[in-house]
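Enquirer: Questions regarding the structure given below will be posed in turn.
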Amino acid sequence: MPVAKDLFPEYGTLATGENEPSRNIRRAQKLREFQNLELPPYLAKQVAAKMAEKGLAVEATGGVAVQRIAGGSQSGQKALMGASSSALTKHTPSASQPTTHDSLTNLGANLTQSKPAWHAPWEIYRVITGHQGWVRSVCVEPENQWFATGSADKTIKIWDLATGKLRLTLTGHIMGVRALGVSPRHPYMFSGGEDKMVKCWDLETNKVVRHYHGHLSAVYSLDIHPTLDVLVSAGRDAVARVWDIRTRDPVVVLSGHKSTINRVKFQASEPQVITASADETVRLWNLQAGKTMTTLTHHKKSVRGLTLHPEEFTFSTASANSSKQWKCPEGDLVLNYDDQNAIINTLSVNQDNVMFSGGDNGSIGFYDWKTGHMFQSTQSIPIPGSIESENGIFDSSFDKTGLRLITCEADKSIKMWREKPNATAESDPGLEWKPKIYQTY
């Protein structure tokens, strides 16, 4: 009489029972399914200890633990369980190692991990003051000569990147300035503010030459396409608007979010628009069709941080205590970053795969982009004369070389960071890395 196969053995056995051949078949199926996964050394020791408690033989062969399972052949039941510095790294199957231990059945959805590269720690080398309100936005011009900051004091200030000295103050907004961007193709700078306005500044005359009307509430973010003459802006009205820079006409209106859009970016190669919203979602939009391609619902709180890698087709998003990396253009989840105990307001990444994360409580994290490991954690310190609560970080940007970082903060200051000179892996090893099992959820 045939015996039904138990599809959920972890929840109990079928009442009809199961004979020994059926159990061996099911075990062999699991072994084949996970034959190319390898355990990190510390997990291999734990598994070996558990198997010893169950009375199953575990022997060491050339530094690799091999388990013999009763009821099956030795060649079909050897399991690689150690001898690797990376966690769950995939390797090419061979006849000598066709299968792994069936304790790996719970690890099927885990991501490949590798040891992170060493990065030098970062330190503050300059503090700039001059704004009379919270500094809410920053952008670096394409030639890497100066950068601009926008503030709640309604002004835009332009600073020399090398010396940190004030070059110019621009006035024109009647409320706080929340977004800035400099065109890589034209001598224009764009600004968005709480006055619902998007302004185009001629950098040769330092005057406003265009206004873009349409937003029904404050503009929180904007971005300029690197190759097309279009601009995207978004904000509290939950809509992203794409504009023709020259004619000021709206090209397309991207609607679908249910709450404030905190960040918006162009992904030039598709072309795509990526938006991060307070409705806890991230949307990827087809720019030509003006429709949503993908909605990412993995975050459980308002998504405030968004950054694109300058050399890869990947991007990262952040909300309270959660940062995630995604792949363009589909929006596939790549990895979860180490936790940061803060509501994260801003993310930035440079060419050297260093990602900066700044929180509303002054929490700062530096991450390895490839692995999600936080190699440095520190805290912003308010400048003298500020109250303790004024240590939030609102915006950040690396310069074009990736060697300097600029942060905008609630203490009305601008802080500039660089890698610690003469740092080595021996003198500054950073936070300890341990392999973890990240779930794709």
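Cβ coordinates are placed from backbone N, Cα and C, and glycine is handled just like the others.
Take a look at what Swiss-Prot says about it:
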type	residues	note
REGION	1-22	region 'Disordered'
REGION	81-107	region 'Disordered'
COMPBIAS	83-107	compositional bias 'Polar residues'
REPEAT	130-169	repeat 'WD 1'
REPEAT	172-211	repeat 'WD 2'
REPEAT	214-253	repeat 'WD 3'
REPEAT	256-295	repeat 'WD 4'
REPEAT	298-336	repeat 'WD 5'
REPEAT	339-379	repeat 'WD 6'
REPEAT	388-427	repeat 'WD 7'
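Looking at the shown structure, can you explain where the listed features end up?
Expert: Computed over the repeat 'WD 1' (130-169), the whole-number mean pLDDT of the model equals 97.
Under 8 Å from some Cβ of the repeat 'WD 2' (172-211) lie the Cβ atoms of residues 133-134, 136-142, 148-156, 217-224, 226-227, 229, 231, 233, 235, 243, 245, 248, all in the same chain and six or more residues away from its ends.
The DSSP breakdown of the repeat 'WD 3' (214-253) into helical (H, G, I), extended (E, B) and coil residues amounts to 0 helix, 22 strand, 18 coil.
Applying DSSP to the repeat 'WD 5' (298-336) sorts its residues as follows: 0 helix, 22 strand, 17 coil.
Residues 113-119, 121-122, 301-302, 304-311, 314, 316-323, 325, 391-398, 402-403, 405, 407, 409, 430-431, 433, 438 of the same chain, all 6+ positions outside the repeat 'WD 6' (339-379), place their C-beta atoms under 8 angstroms from a C-beta of that stretch.
Residue counts for the repeat 'WD 7' (388-427) under DSSP, helix first, then strand, then coil, are 0 helix, 19 strand, 21 coil.
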Enquirer: Across the repeat 'WD 1' (130-169), what are the DSSP residue counts per state (helix, strand, coil)?
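Expert: The composition, in the requested order, is 0 helix, 22 strand, 18 coil.
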Enquirer: Do any residues, 6 or more residues outside the repeat 'WD 1' (130-169), come within under 8 Å Cβ-to-Cβ of it, and if so which ones?
Expert: 175-182, 184, 189, 191, 193, 201, 206, 394-401, 404, 406-410, 412-414, 416
